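Trainee: Can you read through this structure? Questions will come right after.
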Amino acid sequence: MRHLRNIFNLGIKELRSLLGDKAMLTLIVFSFTVSVYSSATVTPGSLNLAPIAIADMDQSQLSNRIVNSFYRPWFLPPEMITADEMDAGLDAGRYTFAINIPPNFQRDVLAGRQPDIQVNVDATRMSQAFTGNGYIQNIINGEVNSFVARYRDNSEPLVSLETRMRFNPNLDPAWFGGVMAIINNITMLAIVLTGSALIREREHGTVEHLLVMPITPFEIMMAKIWSMGLVVLVVSGLSLVLMVKGVLGVPIEGSIPLFMLGVALSLFATTSIGIFMGTIARSMPQLGLLVILVLLPLQMLSGGSTPRESMPQMVQDIMLTMPTTHFVSLAQAILYRGAGFEIVWPQFLTLMAIGGAFFTIALLRFRKTIGTMA
């Protein structure tokens, strides 16, 4: 009972110390509000509401089909212009794509002459230019092939392909960006808060006080883990409900309590990593450099931004030992696909095992170095 009381009281001390750190409080609020909102609404790498202009010099049934095939959410409604206005519009940056459909286009297509359509792209808008060029090519080819097939043969196709988008019917990037921002910020803040809590002890000269008190390194470490983990757990839950579900209007398919249980297990592992890094760094700037070196690979290779199947096999095997890989997997399964515990229990068990391993390593390191931190 005395050990639990010591852990609780030391944790309260950590929370009070955090309340006096305005920089950390600002980082916490920013990470789960502005950062989440901007990640969800920023212009994505995929095509979204790209401005497009079309000079239809043919005015045929086929050219009208091509014009009407560009619609939201990939393109804004096409602006109809003349060929003479095309260069001026691109120079002024009014649209990213400008399409010139030549005269007699439909007649030449039906005659098998393979006419050309000119597509002008503003390549300075790199986020849309490369992807949009492929979209436009596929759309035009699809409309031309469909028109020619129906014109020459009025029979219905034997097979009709019906595509349905699961879990994100409108392919809205905000559904992915907002949730992934929360997942990444949970890992980042868990490491930063626990590591900085240890650095603060060194900078404020309170390590000596801890050494003369009847407490153990285990109690000190557990106090920092539960207090900083509780902060991240609470603010991430509020951000998921208020920002993602409320402000952004993203539907949450699965159980939020089940997701928060996964967050707690992930925090057990990542806060232990923060303690370990805090024993290595001698100051806040050093901790910041270590966080960059550790956090970037954890986030980039965990499967959140790039599918793990696209990575080399060796990288996949190495990342299986990291908690973020399993946390991203269970978070996406619960929040996107509505998975229950019967599906994500392997990730839960793996997080418990990885968390126990990181906690043991951090505790051994902490016991070894606490005397030299004074």
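Each Cβ is built from the backbone N, Cα and C atoms, and glycine gets one as well.
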Trainee: I'd like to check whether Gly134 and Leu210, as annotated in Swiss-Prot, sit on the same side of the membrane - that is, whether they share a topological domain name.
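Mentor: No, Swiss-Prot places Gly134 and Leu210 on opposite sides of the membrane.
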Trainee: For the topological domain 'Periplasmic' (251-255), give me same-chain residues lying six or more residues beyond its boundaries with a C-beta closer than 8 angstroms to one of its C-beta atoms, as numbers and ranges.
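Mentor: Those are 167, 175, 240, 244-245, 333-340, in sequence order.
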Trainee: Spell out yes or no: are there three or more C-beta pairs under 8 angstroms between the transmembrane segment (23-43) and the transmembrane segment (256-276), with each pair 6 or more apart in sequence?
Mentor: no
Trainee: Looking at the stretches 173-193, 256-276, 284-304, which one shares the most CB pairs under 8 Å with the transmembrane segment (230-250)?
Mentor: 173-193
Trainee: Which stretch, 173-193, 256-276, 284-304, tops the Cβ pairs under 8 Å count with the transmembrane segment (343-363)?
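Mentor: Comparing 173-193, 256-276, 284-304 against the transmembrane segment (343-363), the winner is 256-276.
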